[in-house]
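Participant: The structure's right below; bear with me while I get my questions together.
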Amino acid sequence: MLEQTDLSLEQLLKNYYETTNEKIVFVNRQGKIIAMNDAAKDILTEEDNYNAMTNAICHRCEGYSNEYDVQSCKDCFLETTQLQHSNFQVFMKTKDNEIKPFTAMYQNIDEQRGISAFTLQNVAPQIERQEKMYQQKMLHRSIQAQENERKRISRELHDSVIQDMLNIDVELRLLKYKHRDKVLAETSQRIEGLLSQLIDDIRNMSVELRPSSLDDLGIEAAFKSYFKQFEENYGMHIKYDSNIKGMRFDNEIETVVYRVVQEGVFNALKYAEVNEIEVSTHSDGKQIVAEVVDRGKGFSLDHHPKGSGLGLYGMRERAELVNGHVNIETHINRGTIITLDIPI
């Protein structure tokens, strides 16, 4: 019974050795390779006659990570006993001459004959995922900081600068009525007009930065305010349809929806050459979907209008931060549909 179990274990180990993606190499005490599985041949090929080369692994190794350096040959793992039976990161050159990171283990398995096993697992995909997660985390922090600063400046403009200017306007009107001088009255009238225009411009800038209604009342209120201002400033009619009414969502989701729609509307204004844009926001309780539709010029996704590329890329980046997705459907002379969907 024991023999049968041993044979079964031997067969299992043999199957693992032959089929695993883990690269397994056996070397003697001189550093000559005496055996390796097929997976290891991505790095060490039989044509190179590595079984006759002393310290064969060194010829493909680009260093390992230690406590001092990311890539180093100092205190080589082939010579030190400190790394025995422990995992470490090593950089190996593949047969295609690409340098890739691996999680490695180098351990003596037969002291009497001086045989050691060197195993490698490719960690490039994990590192790429970690880098992407880190980039997304940094992007999230950057956008959050940007939105917070927009909010601060917007409120400062609305609560402080505009109020001060309104006070100046009141003082100017009082001055005009106190002194009945014709020239003074005409000058005051002109200054009032300039001041009124400046107040409107600052109000618009405040809303562009970040409307207070987005934080206080939600998406629908923010859009109604923004679209009204947009129509007054640019003469572009926006047809808005929504079923979200007073519904509130996570602050980050509301910000993404607002910014993506804002970018889509502004792109349509600049490039579509239309008089009307259709915007819709709907939710079924499981997701929120926003659409920006124009019946204008359209464009090729491979050759989008100059200046719009960063905006389209920014839409997708923002959407990814809340596990959302942006789809752009466009046809020359038929228009563009930008669809954002976010799970909630």
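Cβ atoms here come from the backbone N, Cα and C positions, even for glycine.
When I checked Swiss-Prot for this same protein, it listed these features:
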- C58, C61, C73, C76: [4Fe-4S] cluster binding site (BINDING)
- 147-344: domain 'Histidine kinase' (DOMAIN)
- H158: phosphohistidine (MOD_RES)
Participant: Can you give the mean pLDDT for the domain 'Histidine kinase' (147-344), rounded to a whole number?
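Facilitator: Mean model confidence (pLDDT) across the domain 'Histidine kinase' (147-344) is 86.
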Participant: Can you check which residues sit near C76 ([4Fe-4S] cluster binding site), meaning Cβ under 8 Å from its Cβ, same chain, 6 or more apart in sequence, and list them in order?
Facilitator: C58, Y64
Participant: Same chain, not part of C58, C61, C73, C76: whose C-beta falls within 8 angstroms of the C-beta centre of the [4Fe-4S] cluster site? Give them in sequence order.
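Facilitator: Sorted by sequence, the hits are N55, I57, G63, Y64, F77, L78.
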Participant: Long-range same-chain neighbours of C73 ([4Fe-4S] cluster binding site), Cβ under 8 Å, sequence gap at least 6?
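Facilitator: Non-local contacts for C73 ([4Fe-4S] cluster binding site): C61, G63, Y64.
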Participant: Given the binding-site residues C58, C61, which one is most crowded in terms of C-beta atoms within 10 angstroms?
Facilitator: C61
Participant: When you measure from the Cβ of the residue listed as 'phosphohistidine', how many other Cβ atoms are you left with inside 10 Å?
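Facilitator: The residue listed as 'phosphohistidine': 18 neighbouring Cβ atoms within 10 Å.
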